[in-house]
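Structure, as structure tokens:
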Amino acid sequence: MAGFYDKPMILCLIFTISFGLFLSYTSAELQRFLHPAKTDGSLSFLVIGDWGRRGYFNQSEVAFQMGKTAEKLDINFVISTGDNFYDNGLIDENDAAFEESFTKIYTAKSLQKHWYSVLGNHDYRGDAEAQLSPVLRKIDSRWLCLRSFIVNAEVAEIFFVDTTPFVNEYFTDADGHKYDWREITPQKSYVTNLLKDLELALMESTAKWRIVVGHHAIRSVGHHGDTQELVKELLPVLQANDIDFYINGHDHCLEHISDTESRVQFLTSGAGSKAWRGDTTELNREGLNFFYDGQGFMSVQLCLTEAKIDFYDVSGKVLHRLHTSKQLHPSI
Ligand SMILES: *[C@@H]1O[C@H](CO)[C@@H](O)[C@H](O)[C@H]1NC(C)=O
Ligand SMILES: [Zn+2]
């Protein structure tokens, strides 16, 4: 296994000391991490996407509000939905953009937690493997970016999916961009294997809340709209396995859309810096609960019976809340 397990003992020790995080080795294809919930069994985390612009476009303002909310909620970790570094990912492991857009921006004490991150399409336009490298974790030990992986946070299991390779257009009509497809080609078998691994892991999951995270939206009313490949290939897997939330970035906005065919809720948090695109699609009006075109972020609070998801703007104001509950024993 490449990347994270290159120096497993040292890293495991470092993570165990700093975060109480334990790696668990299983036979499953997707790498798994155990991140304990709070002592009362609850879990809270923030979600941010599409952010790395050296503080510009309100990135620093969003970071400041994230720090305040993270402190209030005593978060366990942060999730990044990708497009971590603009415009073209990182040049290499030593790219100063890593510190200029991450370490020096998200400085609040309350944000000194693990950042579980996926890659976005812009990240694939640079050295994609640099973001997965243990070298970055030496610079800033919060950083943990992998292509696809699972975080078991007890009350919830979170499945991170590398969605960029699903999108055919990046392969056939790259629009002048160069993508780092090392480890990805052939595309078809990469996607097929990923879906197979994901499906297996979802079927085995016994967590109360099941959350899937990817960069690209399945459903969106924002600029990019739906990602057809994900609607066709990923959505049926989520519907069949009783997923609660699909969380993504890519569209630089905040949104909450309900699936019209299942209980899946689509949540976009891609408003970490440049936003205000000013255009929407006419899709998904039926399931649309909330759309905000400006900057902001999202918080998720979970316990066995309840989920509270809040969307915040750049001033920290809550714009929308999704509150759902679950029975403790669904069979009764
Ligand atoms: C920053 O946020 C404010 C408040 O939403 C907004 O008016 C302003 O246009 C934003 N700046 C940029 C560069 O997006
Ligand atoms: Zn994107």
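Every residue, even glycine, has its Cβ placed from backbone N, Cα and C.
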- To which of H224, H252, H256, H320 does TrEMBL also attribute binding of Fe cation 1 at the site defined by D50, D83, Y86? H252
- Return the residue out of H114, H223, H250 that TrEMBL annotates for the same Fe cation 2 site as D83, N121, H215. H250
- If one measures from the C-alpha of H215 (Fe cation 2 binding site) to the C-alpha of D83 (Fe cation 1 binding site), what distance in angstrom results, rounded to a whole number? 8
- Query: Whole-number Å distance between the CA of H250 (Fe cation 2 binding site) and the CA of Y86 (Fe cation 1 binding site)?
  - Reply: 12
- Message: Taking the Cβ of each of the binding-site residues and counting other Cβ atoms inside 10 Å, which one has the highest number: H215, H250, H252?
- Response: H215
- Candidates D83, Y86, N121, H250, H252 (binding-site residues) with CB under 6 Å from ligand 2, in sequence order, are D83, N121, H250
